[in-house]
Amino acid sequence: MKFQNVKGMKDILPGEVESWQLFERRTRQFLDAYGFQEIRTPVIEATELFQRSIGEASDIVHKEMYTFEDRGGRSLTLRPEMTASVVRSAIEHRLIHENEPLYLYYLGPMYRAERPQAGRKREFFQMGVETINTRSAVNDAELLIMIKSYFDVFGLQKYKIKINNLGTENDRLQYANRLKEYFTKHRDQLDEDSQFRLSKNVLRILDSKNPDLQKLIKAAPAIELSKEARDDFEAIQKLLREAGVAYEIDHRLVRGLDYYTGCVFEVTTAGLGAQDAILAGGRYDGLVASLGGSHVGASGFAMGIERFLMALEAEGISLAQALKTNLVYVAGLVHGESSCGFYRQIAQSLFRTGKQGRFSFGGKNIAKHLKQANKINAALTIIVGENEYQKKEVSIKNMTTGSQVTTPLAKLDEALKSC
Ligand code: ATP
Ligand code: MG
């Protein structure tokens with residue numbers, strides 16, 4: 001019997017995982033600098049948390065959740081996204097304090113039972129941030145400006161930021177009525193999904209991906225914003241223009257989750273095909289109170305890591321390449337019980353100098369080792385031959401220039417730093 005991955009889930013193997021590690025390292029470094037602290041919550045939550053926050057009419061709750069009953073008969077769900085978990089945790093542990101914004105970020109797996117395809121998995125990873133106890137407009141503009149700086153860190157260039165404003169609660173209510181009128185008139189053209197949305201939450205029809213509906217959706221009325229919401233939207237746009245962040249307004253952008261209010265946004269990239277959205281978010285002022293917390297505003301976003309890495313690749317940006325300077329291949333031509341300590345000292349030296357080691361033992365053929373070192377893009381090769389070993393030395397070959405030096409094992413740290 002052969003076991004395989006669960007459908008729509010994927011192993012991240014050595015060779016690929018290095019890009020993920022570098023992505024995570026740079027992300028943490030960036031968010032740390034911007035004042036965000038990491039939060040980790042369990043992968044499993046009470047089903048009701050997602051039903052209450054994401055909304056019954058959303059695709060996620062309606063048909064994508066991995067829900068099961070545990071041994072005690074409780075309904076639990078593998079998290080499909082993390083905003084609800086973060087807000088639950090912030091309320092539960094009283095992290096929200098008066099007059100103090102709470103800046104949190106997370107990295108982790110999410111689960112949705114969707115049809116697997118390129119860029120759409122059943123287990124996928126997100127990086128996300130939540131800014132709780134914050135208010136539009138400055139905060140929302142800052143988030144969008146930060147996204148641009150974050151993409152700059154990786155060199156991503158071909159993306160589009162789309163924004164919309166869902167207005168005040170009253171704006172949205174009136175808009176829902178107008179949409180209901182419009183789509184009821186065209187009910188016969190709606191697919192089963194959208195008929196369901198028409199009765200549950202008509203705004204969600206705008207989110208439909210059915211190509212047959214796009215014409216109808218395009219012709220639907222746009223939201224009419226109150227002065228308050230209009231001013232907010234204007235202020236955000238002004239800040240974006242001042243910061244040199246390019247954006248487009250998309251009146252049909254409503255986002256798939258029920259909890260959004262005010263400014264919402266999405267980032268798409270070229271070269272990803274149908275699954276072109278890499279990041280999405282917006283303001284969700286009602287959520288904290290609706291989950292039992294105080295009446296504080298909040299906003300945030302989530303980015304799909306697989307899609308982001310694919311977008312980088314599509315632009316020819318290689319994270320693995322950036323790691324090259326740290327990779328050291330160790331050609332162990334001498335190998336036996338007595339040489340273990342020798343290699344342990346090399347490993348400790350690599351650790352102290354912040355390098356990554358790839359140890360290979362066996363054979364007497366140095367040419368084969370060097371070929372392998374080149375294949376994995378090592379920057380340096382440490383050679384432990386019989387001669388070196390007897391004299392307690394190693395040779396270090398710079399794989400770019402081809403130059404080679406020999407150094408006592410006791411001075412390996414210094415040599416690695418200067419090679
Ligand atoms: P889509 O429109 O592609 O279904 P979504 O609106 O459901 O996306 P969000 O819930 O806003 O997505 O999640 C934020 C980001 O997470 C998306 O922009 C995308 O990059 C990523 N993402 C969402 N679902 C998946 C999935 N099944 N596989 C891989 N990445 C995903
Ligand atoms: Mg989706």
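Indices start at 1 and increase along the chain as displayed.
Glycine is treated like the rest: Cβ placed from N, Cα and C.
Residues or ranges marked as L-histidine binding site by TrEMBL: E81, M82, T83, R112, Q126, E130, R255, Y259, Y260. Feature annotation from TrEMBL assigns domain 'Aminoacyl-transfer RNA synthetases class-II family profile' to 28-315.
A map of TrEMBL features onto the structure.
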residue : record                   : contacts (Cβ under 8 Å, 6+ apart)
E81     : L-histidine binding site : I54, I60, M110, Q126, L257, A302
T83     : L-histidine binding site : S53, G128, E130, L257, Y259, Y284, L287, G300, A302
R255    : L-histidine binding site : D207, V264, E266, A280, G282
Y260    : L-histidine binding site : L166, V254, G282, R283, Y284
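Mean pLDDT for the domain 'Aminoacyl-transfer RNA synthetases class-II family profile' (28-315) in the predicted structure: 94.
The DSSP secondary structure for Q126 (L-histidine binding site) is strand. Using a 10 Å Cβ-Cβ cutoff, Q126 (L-histidine binding site) registers 21 neighbours.
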